[in-house]
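Chemist: Structure in structure tokens, see below.
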Amino acid sequence: MQSPYIYPQEFDVIVVGGGHAGTEAALASARMGCKTLLLSHNIETLGQMSCNPSIGGIGKGHLVKEVDAMGGAMALATDEGGIQFRILNSSKGPAVRATRAQADRILYKAAIRRRLENQPNLWLFQQAVDDLMVEGDRVVGAVTQVGIRFRSRTVVLTAGTFLDGKIHVGLNNYAAGRAGDPPAVSLSSRLKELKLPQGRLKTGTPPRIDGRTIDFSKCIEQPGDGMPGGTAGPVPVFSFMGGAIPHPQQMPCWITHTNERTHEIIRSGFDRSPMFTGKIDGVGPRYCPSVEDKINRFADKESHQIFLEPEGLTTHEIYPNGISTSLPFDIQYELVRSMAGMENAHILRPGYAIEYDYFDPRALKTTFETRAIGGLFFAGQINGTTGYEEAAAQGMFAGINAALQCRALGGLPNDHGGAWLPRRDEAYLGVLVDDLITKGVTEPYRMFTSRAEYRLMLREDNADMRLTEKGRELGLVDDARWDAFSRKRDAVSRETERLRSLWVNPHNLPLAEAERVLGKSIEREYNLLDLLRRPDVNYAGLMSLEEGKYANPELAAEAAASDDLAKSVIEQIEITAKYAGYIDLQKTEVERAAHYENLKLPTDLDYLQVSALSFEARQTLARHRPETLGMASRISGITPATVSLLLVHLKKNLWKNTVPLKTTDTSTEKAQA
């Protein structure tokens, strides 16, 4: 038997998988100065959009902006590859406005790969990983399918849908990580040997259509913002650095609809659907259901919107968003052709469902390091999430914490205690991480603005103001981004103070002008910042008062010249002024909750001995072992009364200095089983 080959170079961080989580993890740890190896089964698929050709949306766009604010790649790659951009909820408040882009798959993937190949401290290697090197209770490297052993201090596993993946089309199924790629069966088996809590989930994708066979004249055209027929104004950008990058040619999408005949065709295939015949065990995403699931659950609905989305500028391939399916191909063929404009549609690729392993994120530490194996981090769909954006955010988070752990292990300066943990009031990423590790998942998790209780503070527009300084501290943000951010931050501060210092005297303000700009006359002096807080008053109107007396000539000139910095400064000032009262209330709530939120629970506290709690609560807490009282409060089944009793118990026993500790018997382990 051939002896294993040990690669001569050792690494700080090995990232397994080159999808959206893996690429952001590898880029983050490399930017922080760690020697990073990215292992992918195929270098040609780095950054591949496996399902829909779009980035962003409600909640998801917020995550993309946060990744970008800390120097990540997703937003910049989307700006380079985006062929349609829209601001969703543009008529609503700023907390729920979100950017969404259609992307050219080829351009997006090329943009990601270029960043990977040009990132210092980052090495790429093409080989599937079959095993992990574990010594004691710590990971020390990874083993590829041909037996090459790479040693490292930490490993970030971002396996996507590849772990024991199985594709279903009708009653037929076969092993695959996605269409055209093999599954990671050996790695899945190895992880199961490590006794990590595991389950099965499923997701799906629709059949792809040749656009030359679609009659778009029978469909409704949906242009993007800044396109003819779309919302007026410039085409949006995703990245805070994206203004300098020209978007490629912009393209419309189209809308068609299912109908009663479509629904009859779908129902006729229920007896051969893997979903309804028990062939699929995994639970699918609630908010991106298959078309057969929609027709079954909403039987009274006569029609569903289907969005026809172009896959790119150099292909005729169309992604019909809304008909993800695992029905037999003959049913897919008929249902596609039953919709308006699709009567002669040719399917290029059949739709399918894919089932895969995930691991319970409640078994992770707050850094996404597994509790069972030191140095092993999970990110992406392996944690039970769905979506490119959720994966990218997790990847960056895991990459940061793997790098921080390497710094600590190497005795390097580390101001973050070996971990970076954003709070729920700091970032959507904080909400995502906290939800996963405290609540776990019973279905693929996706982000929504409704999941964030402090969403007025966590807007897309201020992601850089919230996170770029932290990114700079961590070593993630380069000089160009830091300079751009500093100019914006300083300009916002200067202009805010200028508005606060300028006063409008009612005696000098003509009634007609007051009514035009302010909606009514004023009876006393106001500074401009206070006037800007009024709902119907805007910055441009204030600058026009008294023949432009209060205007900032420099900022006005930059805004008139379509300067992105000037516009973002004005937007930031307007939003902050108008929502200052509400934001202050949320900050008060955060401060009130902060003490108990961050109150550390003893790591050796034996919950089964806390007699004041119900037996169910004791079992739940023993199983989850939350790190703080705040985390305990968000565990499913833990009531406010339980939290109060736990707090009383902690105070009482802290005073007595007799907090009951875990005993050496197996009672807690039995409760966890």
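Indices start at 1 and increase along the chain as displayed.
Cβ atoms are placed via backbone N, Cα and C, with glycine included.
According to Swiss-Prot, the record shows the following:
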- Gly17, Gly18, Gly19, His20, Ala21, Gly22: FAD binding site (BINDING)
- 284-298: NAD(+) binding site (BINDING)
Chemist: Across all protein chains in the structure, which of the binding-site residues His20, Arg286, Lys294 has the highest Cβ count within 10 Å?
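Modeler: By the 10 Å Cβ neighbour count, His20 comes out on top.
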Chemist: Ranked by the number of other Cβ atoms within 10 Å of their own Cβ, which of the binding-site residues Ala21, Cys288 ranks first?
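Modeler: The residue with the densest Cβ neighbourhood is Ala21.
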Chemist: By a simple count, how many Cβ atoms lie within 10 Å of the Cβ of Phe298 (NAD(+) binding site), its own Cβ left out?
Modeler: 12
Chemist: Looking at the binding-site residues listed here (Cys288, Ser290, Glu292), whose Cα lies nearest to that of Gly17 (FAD binding site)?
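Modeler: Considering only the listed binding-site residues, the nearest one is Cys288.
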Chemist: Sorted by position, what residues of the same chain at least six away from Gly22 (FAD binding site) have a C-beta under 8 A from it?
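Modeler: Looking at Cβ-Cβ distances below 8 Å from Gly22 (FAD binding site), excluding near sequence neighbours, one finds Val15, Val16, Leu38, Ser40, Val156, Thr158, Ala379, Gly380, Gly395.
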Chemist: Measuring Cα to Cα, how far is Ala21 (FAD binding site) from Cys288 (NAD(+) binding site) in Å?
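Modeler: Spelling it out, the Cα of Ala21 (FAD binding site) and the Cα of Cys288 (NAD(+) binding site) are 20 Å apart.
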Chemist: Report, in whole Å, the straight Cα-to-Cα distance of Gly19 (FAD binding site) from Cys288 (NAD(+) binding site).
Modeler: 20
Chemist: Measure from the CA atom of Lys294 (NAD(+) binding site) to the CA atom of Gly19 (FAD binding site) and give the result in Å, rounded to a whole number.
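Modeler: Here the two Cα atoms lie 29 Å apart.
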Chemist: Would you count the other C-beta atoms found within 10 angstroms of the C-beta of Asn296 (NAD(+) binding site) for me?
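Modeler: Neighbour count, Cβ to Cβ under the 10 Å cut-off: 17.
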Chemist: So how many other Cβ atoms are close to Gly284 (NAD(+) binding site), meaning within 10 Å of its Cβ?
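Modeler: Other Cβ atoms found within 10 Å: 21.
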Chemist: Which chain-mates of Gly18 (FAD binding site) that are at least 6 residues away have a CB under 8 A from its CB, listed by sequence?
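Modeler: Counting only residues 6 or more apart in sequence, the Cβ neighbours of Gly18 (FAD binding site) under 8 Å are Ala26, Leu38, Leu39, Ser40, Asn42, Ile43, Thr45, Leu46, Gly47, Leu116.
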Chemist: Roughly how many Å separate the Cα of Glu292 (NAD(+) binding site) from that of His20 (FAD binding site), to the nearest whole number?
Modeler: 28
Chemist: Which entry in the list of binding-site residues, Gly17, Gly19, has its Cβ near the fewest other Cβ atoms, using 10 Å as the limit?
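Modeler: Lowest Cβ count within 10 Å among the binding-site residues (Gly17, Gly19) is Gly19.
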Chemist: So, in DSSP terms, is His20 (FAD binding site) helix, strand, or coil?
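Modeler: DSSP call for His20 (FAD binding site): helix.
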